[in-house]
Amino acid sequence: MSYLQDQLNAFRAIFIITLLLSFYGSIYYAHNANETNTPFTASYLLLSIYWIVVYLQQIIFLIVSFIQDEERATIICELGWNFSLFNILHYLWAESFANHYFITAEFFLILNLFNLLAMYFNYKTYALRPFYNWVLIHPVVSIPLSWVFYAIMWNGAVMCHVEDKLWARILANVFIWDFLFAGVIFLYLFRDWTIGLTMSYLMVALGFGQLATKLFALQWIFAFVISGVLFGLSVFAFIISLCEPSPAEREPLLPGA
């Protein structure tokens with residue numbers, strides 16, 4: 001237990017430092033934001049709200065680490081280093097993007113995607129039980145994962161200078177459906193409605209962002225359609241998850257019990 005406590009203390013210290021670093025990166029980006037409009041530029045206000053939720057989730061995650069619970073402490077120690085790496089890579093992306101090093105920024109986003117996917121699949125946070133552990137831990141994984149998937153598209157569009165080129169608009173009208181494809185995969189394979197809801201929200205943000213810059217275009221229409229489909233499927237997956245028996249209820253009765 002003392003070894004676990006030492007790990008937990010180390011995690012808290014590093015996590016706080018990287019969280020502050022990530023927050024500084026976000027503030028730095030906000031003051032040096034790139035004003036380039038692309039087919040993947042979303043509403044600044046809605047994205048800001050999204051990031052407030054990201055940071056609130058991480059703060060709650062940190063607070064929970066101070067509550068005495070050996071099982072949860074073990075999970076936090078296993079996952080915590082990936083969260084710290086996420087914060088470091090987010091800071092590096094923000095610095096690179098704000099300073100117009102878009103290729104470098106894309107590289108950091110791709111690294112972060114692999115980091116979050118590794119955490120998602122290795123530790124199977126979508127299957128955590130009991131439910132309160134799932135609520136406290138899994139959204140801290142799924143919400144940043146959806147963001148990084150969106151940011152790769154957005155940063156890539158800026159990197160390729162696709163502001164008002166017709167061919168770029170056509171490609172964007174095709175690539176935007178990747179959000180629906182990815183969301184449906186997570187919903188179907190893992191019944192992860194948090195990924196579906198967060199991608200649905202990001203599509204709303206994208207839709208309003210496009211509507212504000214180009215009224216007569218397909219991109220914002222597609223964004224709202226994808227958002228609606230993902231929202232409906234996510235609600236359905238959530239209802240199904242509520243109706244599923246708990247692991248204990250699925251266990252066979254012992255002979256003579």
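Glycine is treated like the rest: Cβ placed from N, Cα and C.
Note: TrEMBL annotation is automatic and uncurated.
TrEMBL lists 12-30, 42-63, 100-123, 135-154, 166-188, 195-212, 218-240 with the feature transmembrane segment.
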| Tertiary contacts of the transmembrane segment (135-154) (same chain, 6+ residues out, Cβ under 8 Å) | 38, 40-42, 50-51, 53-54, 57-58, 60-61, 64, 72, 75-76, 79, 83, 86, 90, 93, 106, 109-110, 112-113, 116-117, 119-120, 125-126, 128, 175-176, 178-179, 182, 192, 194-195, 198-199, 202, 206
| query | Do we see three or more Cβ pairs under 8 Å linking the transmembrane segment (218-240) and the transmembrane segment (100-123), pairs being at least 6 apart in sequence? | reply | no
| Interface-richest range of 12-30, 42-63, 100-123, 195-212 toward the transmembrane segment (166-188), CB pairs under 8 Å | 195-212
